[in-house]
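Beneath this line is the structure, given in structure tokens, with notes to follow.
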């Protein structure tokens, strides 16, 4: 029998104090920190808490803080039908109806749905189509396919087991049309776990005189306390999802492109966002359409390196062959000579023969690939996202007669267009910093690596002891929210099963290199003015000085990382 909204509000047995829907007080047992169960949310969203929920959100301020972000995301994709899978008290469902979207409102809490229904009537008389549904059985409880599914309000973190998370994402995926989009948000648990809790209390929980702060945090539990003006307190036990883990789960379910925003911004450098919003597209692209799947960070890097100013700078100032940090015998040594010495140092760490197949990720102008092919007679595949650099690479390679050994491919190292177990060596120099998802890059690297193969790369990194505010100018310049670190790469490579992970710390060369590039740029200023814009040169000099300062101050690390499958 179909339940009415009043039935949902009362629960199956109205008046039964054991019914979590009817109960006014939460129950967490003798030890609340042991409560780490997906189904327990029913005992947390009790009537007394739900009645105060809108005081926490403050619909008016929430509307102002979000602006048109979600509406713009949906309209840009031609969305007409939306499933609001975590409707709560109805804020987004009402907003979507106001904007003309055909919307179904689902939630696992009957009390929340009853509140949402009454809120819909109160706001311009909207009659919400509400469905009491458990995400793990969403196809059973909710019918039809949708252009978009939204799961907002940090709701996904109520799922405590990975099995539940994967099943829920699979249900979302199945209920989307072939070109549908999933939008999920979450607290920035990375920041809370790594550096402690802080909140601007601006975008999501904007109610005045209401606080939402952690009562306990560990790797498996985020217990938040909500305090209201009448001194009443309620708690929610949630799983602290890390951003990259969440992105990985969505990819593994089948979502093709995932963009992550911080507090509704594409880039979120120095100031940590309170919340992340993941926008995941289901539409499948062929290899010829990979450019459409590039993440925002990759698009930013591609546009930069394809620009005329950047191409002229790296070709005429940096050397036009290698675009990476060099190993200098003297601070005034030629950049090209020092840069090739880095290639030689790296090549000496692995056995290379004519039968060796090497993948060079972020190959730039192909200097390393040509050195390896010329010296060892091996085959090198260059993958790089800048079509401008790739064209120069092909022309120089052809001029040197090495085109039979070197293949140049346009692409992103976040989605490698190669089969599993394809390469003996995966090589990269100072490129991974441009990715917004380095965990994904490491997964792709290990996927295409042959058994007993080697991963060999350098990357400008944050030192393991660096504080994020020390990196602000560098991150802002690169439009990134973070850098990798030696500890990060060691952890990721270990997670992926690689062994004998070594880091040759050559950090002292990083400020020397950027200082040398700055000297060359300044000494050739008049000559370069004809083909590199003044604004670009000014910004570049500022950026180079920031690299030198941070390198000398110990906030940056650089060196050769070598790991074996």
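Placed from the backbone N, Cα and C atoms, the Cβ positions cover glycine too.
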Worksheet item: Which of these ranges is annotated region 'Disordered' in Swiss-Prot: 1-34, 35-68?
Response: 1-34
Worksheet item: Could you state the CA-to-CA distance between residue 53 (S-adenosyl-L-methionine binding site) and residue 226 (substrate binding site) to the nearest Å?
Response: 10
Worksheet entry | Cα within 10 Å of residue 154 (substrate binding site) - qualifying binding-site residues among 62, 86, 135 | 86
Item to complete: Give me the Cα-Cα distance between residue 226 (substrate binding site) and residue 45 (S-adenosyl-L-methionine binding site), rounded to a whole Å.
Response: 12
Fill in: Under 8 Å by Cβ from residue 86 (S-adenosyl-L-methionine binding site), counting only residues of that chain that are 6 or more apart
106, 107, 150, 151, 152, 153, 155, 156
Worksheet entry | Least Cβ-crowded entry, counting other Cβ within 10 Å, from the binding-site residues listed as 62, 187 | 62
